[in-house]
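Visitor: Let me begin by handing over the structure; questions about it come next.
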């Protein structure tokens, strides 16, 4: 099974340099939609509901202190992904790739998986609550118009800059 670093490497190879926060959100949405479309996790590392949105601590450990990240991502390789996994990520990049890190953060805050994991915490309070894959699959699956894999459907409007 590929790691979160393999997913990050593929995203950076496809989309180019971006903020670390945007990479975290694209990794999150890739996991969420792959769960819906393929009924399986894309990577095994847990995703936590941090104050600024979903974060994979294993990925954060490698970009901590860096504002921008870029390819090559030396901790992983997109070659570790299957065609189906790359297809899921490509669909997420098509749907979410043009949004800023801040837009993706606000969007993730408006959605049930992050909200449920953060329940009981103050807005800026540190937390390490895991966003469960089953919660992600249930929520994002409920947004589909039919059962066929298609462009990700966003639960609410993406905020303006």
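From the backbone N, Cα and C atoms, a Cβ is placed for every residue, glycine too.
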Visitor: Can you check which of 120-140, 141-161 TrEMBL lists as region 'Disordered'?
Guide: 141-161
Visitor: In the domain 'Antitoxin SocA-like Panacea' (23-115), how many residues does DSSP put in helix, strand and coil?
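Guide: Summed by class, the stretch gives 53 helix, 8 strand, 32 coil.
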